[in-house]
Amino acid sequence: MHSVVLSPGSPLPCDSLSVFVYRDLDGGALVREQPIFTTRAHVFQIDPSTKKNWVPASKQAVTVSYFYDVTRNSYRIISVDGAKVIINSTITPNMTFTKTSQKFGQWADSRANTVFGLGFSSEQQLTKFAEKFQEVKEAARLARDKSQEKTETSSNHSQASSVNGTDDEKASHVGPADTHLKSENDKLKIALTQSAANVKKWEVELQTLRESNARLTAALQESAASVEQWKRQFSLCREENDRLRNKIDELEEQCSEINREKERNTQLKQRIEELESEVREKETELNDLRKQSEIIPQLMSECEYVSEKLEAAERDNQNLEGKVRSLKTDIEERPPRAPGPPNCAVPVLPLLPGTFPVPTPLFP
């Protein structure tokens, strides 16, 4: 704990687990405040110039604690960032802690003339802090009521003793009627004084409530503006989401069409391969036919040559047949000759080229 003492009623800088120490108003001994609840949050204060925007009081999450002052029977919310006190708010029964979002809450402090805001890391921490604020607020109200009762009781006793002493001194000088009127007058004066004090007190509290209401109204308007802005952003995000979904549907449809095109292309490729195979077969057949067509003229020439040979042979055969007939006729007309010697030679006629031999009868 640091050894520096601040102004009366102000806390000393210390770590989050230490007690806070301050000088009492009479400049006497140091008074210690014990922490009763501690949490961590980001601290904000309302902008004093605009009364609308939040100004961060800490660069990071700091310790925020409830402290109880035994000597004064009061409660305070205190937060220290290093050696700087960023929250020193005494809780009164008129204060109200308001949750403006799931992780943010605020309260107005008329004595500090500002509005404090706390941003928590979770909704559970905010709920615990709000419950503790309500508990401490109720304890502060009970402490105030007890203090007022003690003040009124002591005031009534002192006034009664003063009135009685005055009556005893004047009893020997005034009559019973004057004494009764004096007593009633004094009572009316006391009641009037108390009424005036109560009126001033209620005027102060009413003014405090008005200021707090104005700050809360400003904060509520700011929250409403923020809500409207978030609504517009949410609407824009929803439209963008719908547009992206439509785009995704279009892309999925295009992908489906591409897949169908791929299937058709695959089928076409298969058909092309089949046709190419048929074309190759036809080309092979065509090459065979071309080779055969190259042989055909040679075969035709050979056929023509054979036909010519055959015709020549037929002509020679016809000539030979004519000669044979003429020889038969000559033999038939020739007179018979005497038998010749055996094994007589038979004349052999020479064969013409391209002719076939024709058997000649041995005897006519």
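In case you wondered, yes, glycine gets a Cβ from its N, Cα and C as well.
As stated in TrEMBL, the feature region 'Disordered' covers range 314-344 out of the listed 252-282, 314-344. Taking Cβ pairs closer than 8 Å, the compositional bias 'Basic and acidic residues' (140-152) reaches residues 73-75, 91-93, 194 in its own chain, all 6 or more past its ends. Here the domain 'WH1' (28-140) has, by DSSP, the following mix of helix, strand and coil residues: 18 helix, 57 strand, 38 coil.
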